[in-house]
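J.: Mind looking over this structure? Questions follow.
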Amino acid sequence: MATERTFSILKPDATKRNLTGAVNAVIEKAGLRIVGQRRIQMSQAQAEKFYEIHKERPFFGELVTFMTSGPVVVQVLEGENAVAKYREVMGATNPAQAAEGTIRKTFSESVGENTVHGSDSADNAKMEIAQFFQDSDIVG
Ligand code: CMP
């Protein structure tokens, strides 16, 4: 398996609780390299675009409100099999179902405020990275 990139967001519940370093430590311990990273305030338009696929879901409004409620850290992670690897490191979407040692099991309080986002496929990773990063801001 070749080196791959995935897109990550440390969500407002992470920045609010000062957990960005703690979450990054889990990411790096798993062997993923943080090759791009920026702290931003997501606008409503950016959040709506990013989560467009969920726009018919009942939690869409809540999701956009949460993602714009405070700073987030957008990241590009690189490593062998990075997309699948990061999903394993994050744990299940619902922290109640996440495995021991995963980011969501360790840090998350609810399915809505679940600390991290990670791409679900290599194609989506490319699109998500392109929404928030220029090539020159990613240094591998
Ligand atoms: P994420 O991986 O960022 O992608 C979509 C997000 O929707 C997901 O993480 C959750 O934070 C959120 N989500 C999924 N299900 C629910 C739900 N039932 N209620 C609120 N938010 C949800």
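Each Cβ is built from the backbone N, Cα and C atoms, and glycine gets one as well.
Just so it is clear, the model here is predicted, and its values are computed rather than measured.
Grabbed the feature section from TrEMBL, which reads as follows:
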type: DOMAIN; residues: 3-140; note: domain 'Nucleoside diphosphate kinase-like'
type: BINDING; residues: LYS11, PHE59, ARG87, THR93, ARG104, ASN114; note: ATP binding site
type: ACT_SITE; residues: HIS117; note: active site, pros-phosphohistidine intermediate
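Are these features on the surface or tucked inside, and what are their neighbours?
T.: Cβ-based neighbour count (10 Å, all protein chains) for THR93 (ATP binding site) stands at 14.
Here the Cβ of HIS117 (active site, pros-phosphohistidine intermediate) has 21 other Cβ atoms within 10 Å, regardless of which shown protein chain they belong to. Under DSSP, HIS117 (active site, pros-phosphohistidine intermediate) is assigned to a strand (E or B) in the three-state scheme.
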J.: Using a 10 Å cut-off on CB atoms, tell me which of the binding-site residues LYS11, ARG87, ARG104 is the least crowded.
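T.: Looking at the binding-site residues LYS11, ARG87, ARG104, the Cβ with the fewest others within 10 Å is that of ARG87.
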J.: Between the Cα atoms of LYS11 (ATP binding site) and HIS117 (active site, pros-phosphohistidine intermediate), find the distance and write it as a whole number of Å.
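T.: Their Cα atoms are separated by 7 Å.
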J.: Under 8 Å between C-beta atoms and at least six apart in sequence, can you list the same-chain neighbours of PHE59 (ATP binding site), or say none if there are none?
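T.: Once residues fewer than 6 apart are set aside, PHE59 (ATP binding site) is near GLY112.
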J.: Could you list the residues of the same chain, at least six apart in sequence, whose Cβ is under 8 A from the Cβ of ASN114 (ATP binding site)?
T.: LYS11, ASP13, THR93, ASN94, PRO95, ARG104, SER108
J.: Between ARG87 (ATP binding site) and HIS117 (active site, pros-phosphohistidine intermediate), how many Å separate their Cα atoms?
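T.: One finds 9 Å between the Cα atoms of these residues.
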